[in-house]
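According to Swiss-Prot, the features are:
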type	residues	note
TRANSMEM	5-25	transmembrane segment
TRANSMEM	59-79	transmembrane segment
TRANSMEM	82-102	transmembrane segment
TRANSMEM	158-178	transmembrane segment
TRANSMEM	210-230	transmembrane segment
TRANSMEM	303-323	transmembrane segment
Amino acid sequence: MSETILLILALALVIDRVVGDPDWLWARVPHPVVFFGKAIGFFDARLNREDLEDSARKFRGVVAILLLLGISAWFGHLLHRLFAVLGPLGFLLEAVLVAVFLAQKSLADHVRRVAGGLRQGGLEGGRAAVSMIVGRDPKTLDEPAVCRAAIESLAENFSDGVVAPAFWYAVAGLPGLLAYKMLNTADSMIGHKSPKYLHFGWASARLDDLANLPAARLSILLISAGALIHRGASAAKDALTVALRDHGLHRSPNSGWPEAAMAGALDLQLAGPRIYGGVKVSEPMINGPGRAVATSEDIDAGIAVFYGACTVMAGFVLAIAMI
């Protein structure tokens, strides 16, 4: 965790906050995650054969993800060495690359569209917007459920789309960042429990849980800080209290932390029963004593807390770099 790495990260956080993921750019050139997906698909097509025993598919999945992580870390090392010889230009280029793998503005923009969709197009407008950021069946969602889904996505993706990549870059530079993004992409592609990926994707899912563990815990402190800025000391305290009390109510070992913190910050019930692909997932409500009916104004409040948390993180990174 060198001074240079932290300064690059601070600049990257500013770039991502201001620029985000411009559609005009990624409409012309492929996003780096596209290449991660192609690499994962290559190994999936060649190693994940249906005629193999479950144990063989699990072993091949372990080999595949270890190779993918090694390749991505090696490529990150090469890029860092290249940027290092370019002086100030390399410093800027590395910051831009790091910003590409952060999701502050793009996440807030997507979630804000849900509130806008509800206000401009009613329930159908909200359902259409939220379907772009969550996997649950939008037709089963009423307006409060649409709002809850948007806020849950905001909280969860703050952890694995902002805090986690920033954490792994701070700890291990470009090799750590690229390896994390490869792992995160693999988890989304092959880490689910469908018959095809239950065994082949086992290692990717477990490693992703492990890699996101530090960020999930850090995220509750940042969300609490964001709540302090925008909603006061009581909301900040509730964010921590609910996170520590209710994180285990979520089926994910990591997502429950930021979601519970956001639920406490907004005095709102989150999670609970929902439907994915026609299958009902029965879970208790996080922050049961909180308000039961979420509104588009709660989405706005969640975004304010989110941006407050991002600001605190950027300030903390810069402060550590300057010590």
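Each Cβ is built from the backbone N, Cα and C atoms, and glycine gets one as well.
Because the structure is a prediction, the values reported are computed rather than measured.
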Same-chain residues near the transmembrane segment (158-178), Cβ under 8 Å, at least 6 residues beyond its ends:
1, 5-6, 9, 12-13, 72-77, 79-80, 94, 97-98, 101-104, 107, 184, 211-212, 214-216, 218-219, 222-223, 254-255, 257-258, 306, 309-310, 313, 317
Could you pull out which residues elsewhere in the chain have a CB under 8 Å from any CB of the transmembrane segment (82-102), counting only those six or more residues past its ends?
4, 7-9, 11-13, 15-16, 19, 21, 31-32, 161-162, 165-166, 169, 174, 177-178, 181
